[in-house]
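Engineer: Below is one structure. I have some questions about it.
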């Protein structure tokens, strides 16, 4: 159902009025907090809870499954789905349930991995679409499943869900239930999706697990180390399954990257610029990714773009003992670029815990640096990273080894509210929150592009 935003301005004003009082409840940037919360025992792998499509009497081989969405430009959406047998790569859609006056035809691909052969992977780009509108659609003209999604708004406020290292365990299911209960416009995932780890049917079970949410809101993802799946001599091509199944808009927008492993896009009419970086493809000075990032950032007009956020898998700042230093080389290559345009926040995964840093640049607290957040706590099967470096660094504001997810609401051109929701006894408990002020609105931090 379409959600009206006629009261959004008054709501935003009310939120900002509360900001000062809310801020007094939050830990100051210079106050480092390690949460004493004790995580309950691990939950079982969810794979056994997922019904395999081969046992589904309603699946005739052409029934669409593993459906997910991703934005393409300001007013289009890519629909991706899989069928076991041959089926047309067509999406029919409209704004009324059961009526599909519009359609788009796309492409079909498959891939093989050792002895595994994928189903038919279809994708089609639909649009132009109206903002903040509910559309109903079906895939491959199959009447057995009708889907619906709400398009993102063309103006602020804009609500993201951000979570990494999902996997497919009982905790993953809990996280997905909490996300489903939230009102949000888009999900951002900084790598490590299925934890297939070479076992390709796990990509299929993961696709079915996230289908109810990923078919209803756009999911924008970047790769993690568990997506590499490279086997010397046998499977020398990295990211084979990931690139085949999760095609992102790397060839769209003002600065196409030419590579599915890194890309960028705008939302809310250009008020927010999102950069998805690749931790596991070359990022050094002179590399294709580095050259693209320079072009992308040079095109950002902070007079028009209120917030710039970046996602990366391996964190550039990390006080957890797990994966220490693994993001340092990338940070050395790219941190100055992000700092030059005053990127507001950087979100990472990889470490299976939550941590929020103060605004940081070059290892020190800096009022013009990004807020760094590690959010690799979606529910993976490897468990939590519960050992931290002591004493807690001064730049680390809050840390806790728990599963959960984050929400970033960009309220207006100057303020965004970040909240982290811990999975606590099947309830999403807000355990950390902070208001983030746009660096574009800070005269002290503003730098013209001519000075970059």
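Each residue, glycine too, has its Cβ placed from N, Cα and C.
Automated prediction, rather than curation, is the source of TrEMBL annotations.
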Engineer: Looking at the ranges 19-42, 43-66, which is given as region 'Disordered' in TrEMBL?
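Structural biologist: When 19-42, 43-66 are checked in TrEMBL, region 'Disordered' belongs to 43-66.
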Engineer: What is the average pLDDT across the domain 'Purple acid phosphatase N-terminal' (64-151)?
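Structural biologist: Value for the domain 'Purple acid phosphatase N-terminal' (64-151), mean pLDDT as a whole number: 98.
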Engineer: Tally of helix, strand and coil residues over the domain 'Purple acid phosphatase N-terminal' (64-151) according to DSSP?
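Structural biologist: Counting residues per DSSP class in the domain 'Purple acid phosphatase N-terminal' (64-151), I get 0 helix, 51 strand, 37 coil.
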Engineer: Within the domain 'Purple acid phosphatase C-terminal' (369-430), count helix residues (DSSP H, G, I), strand residues (E, B) and coil residues, in that order.
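Structural biologist: Split by secondary structure, the domain 'Purple acid phosphatase C-terminal' (369-430) comes out as 0 helix, 32 strand, 30 coil.
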